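For A:35-233, the entry in TrEMBL reads domain 'ABC-2 type transporter transmembrane'. Look at TrEMBL and you will find A:46-66, A:78-100, A:121-148, A:154-180, A:192-213, A:237-261 tagged as transmembrane segment.
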Amino acid sequence: MTLSTPAPGGSPVRQAGGGTAAPLPARVLRHGAYEALGMLRNGEQLVLAIVLPLLALTALVLTPVLDAYGPDRIDVAAPGVLALCTMSTAFTGQGIATGFDRRYGVLRFLSTTPLGRSGLILGKAVAVAVVLAVQLVVIGGAAVLMGWTPEPAGILPAALLLLLGSAAFTALGLLVAGTLRPEATLAVTNLVWILLAAAGGVIIPAASLPAAAEPFVSVLPSAALGDGLRAALVDGVFDPIACLVLLAWAALASLAAIRWFKWS
Amino acid sequence: MPTSSPALEIDGLVKDFGPVGALDGRMVRVLDGVSLRAERGAVTVLLGANGAGKTTTLECAQGLQRADGGRVRLLGEDPWRATPQLRARVGVMLQDGGLPPSVRPLALLRHVASMYADPLPVDALAGRLGLDAFGAVSIRRLSGGQKQRLALACALVGRPEVVFLDEPSAGLDPQSRTIVFDIIRELRADGLAVILTTHLLDDAQRLADYVFIVEGGRTVAEGTVAELTADTEADGTRELRFETVPGLSFPSDLLPHLLQRETEPGQYVLRGPLTADDVARLARWWDACGVMPTSISLAPRSLEDVFLDISGRSIR
């Protein structure tokens, strides 16, 4: 199309130039930023990502729920709430957004652009990481203000766990979003979030659950992330089993998503 | 790559869907031998009734669906294995738009533009398509025609060589329709291969350089509009259209051997084995009624006749 900009010779500016793709890192990072901004601008997502974790943190500090697990309430509460943040962003928030994008044909359209299917998935992972970083700053900052003193030796193991945890929950969110209708995705991801938050070893250690439930709960990604973060940030201990559990969930959910994800 | 090779080549495309639960888990063959070619600098139209297989054909050509049989070559490559560089040379406007409802139109267009190394200037493109008038509201508030124009902008912003438009005039108000049709003609003039689907014969007649009629999952006829409507059966069937005041009723003894109808107020069509004498009688009747048509056209068969002959049913 000529954009009514005549070139000096008088011939119109040709539209057909043979389009060229932006480089892969630029495409992925731009899509990640675009989706992250979309998530942070969405009111419901913001409640899920920031407001609920802050409420949970406050409630856990004001009530004696966690008194059995450590001398200082905030030290036990903060790692669990960070695990909760990972679940809400990577699984619930991202799953719901992807489910509706699939309904509206957004995934199909974007996969016809140079972004492509793999760029779309990588971009979503970047978006989850960006939102999670914002949560770490806001929720972690609030916890520090409430007196949280994380064990320095556990910071690096915690970062690794958060990375593996967001990979596992992102893959699980994509699996749900790519196989169920968006309304069902909305219901399932919210329900699973509530169940795991309440009894999945996220906030309350799996070891405190009834003995019959403990073996099942301890292999859930929620418990691996919650207990692993507490081991790291409360005791400064690296938990290799938690890492392996999260790695296994990430691998299995990714394979399942690759196999069963429907783009339309 | 030499510019003489076609932009899109499809040979004997087969596509199965399923398994379908309602059919005891059997597969349904939705495409069973679609073949077509689309050249650069031309508008190629896939014409067919709803459900004929037009959209599935496009999706196989765009790499959104994988062909189960046959051969698809888009700019010489397999679209199912499209690289980002191939996708950058191809613009796609989906039938349902594929637009996120909560995003603002210009934000989406800028984002799509950012996937390309050298996109069109977004502001100029938005102005050309009249998007700037509603750039600040979210997409869910746009009318059907506004969404179509945005989807077209998203398909064009990367400076493609090939553009796929699935039902581009669906839901368009007259103003949007004029803008979109003008742009399609400009794209052709700029040397792009424009491939569009429609079930509207009027669109095909107005835009197409070359038409492929798709019916029951296969290509059943192809040619330029002139070729397709040429009087192949030599029965002298012609169509005379004229435009004048609405509500004229034809006397029953005037040209009873011709099919006569008023398609829209003031638009009249006579069809059948038309002779010069018939035209003279018609002109005398106009004179007797005191009307003078504002336009008269005489053509061999219309695309609608062709479609009826081939498929045995109306396209609508």
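First residue shown is number 1, and so on along the chain.
Including glycine, each Cβ sits where the backbone N, Cα and C put it.
Touching of the transmembrane segment (A:78-100) and the transmembrane segment (A:237-261) is ruled out by the presence of fewer than three CB pairs under 8 A, sequence neighbours closer than 6 excluded. Fewer than three CB pairs closer than 8 A are found between the transmembrane segment (A:46-66) and the transmembrane segment (A:154-180), and contact between the two stretches is not assigned (pairs 6 or more residues apart). Of the recorded ranges A:121-148, A:192-213, A:237-261, the transmembrane segment (A:154-180) has the largest number of C-beta contacts under 8 angstroms with A:237-261.
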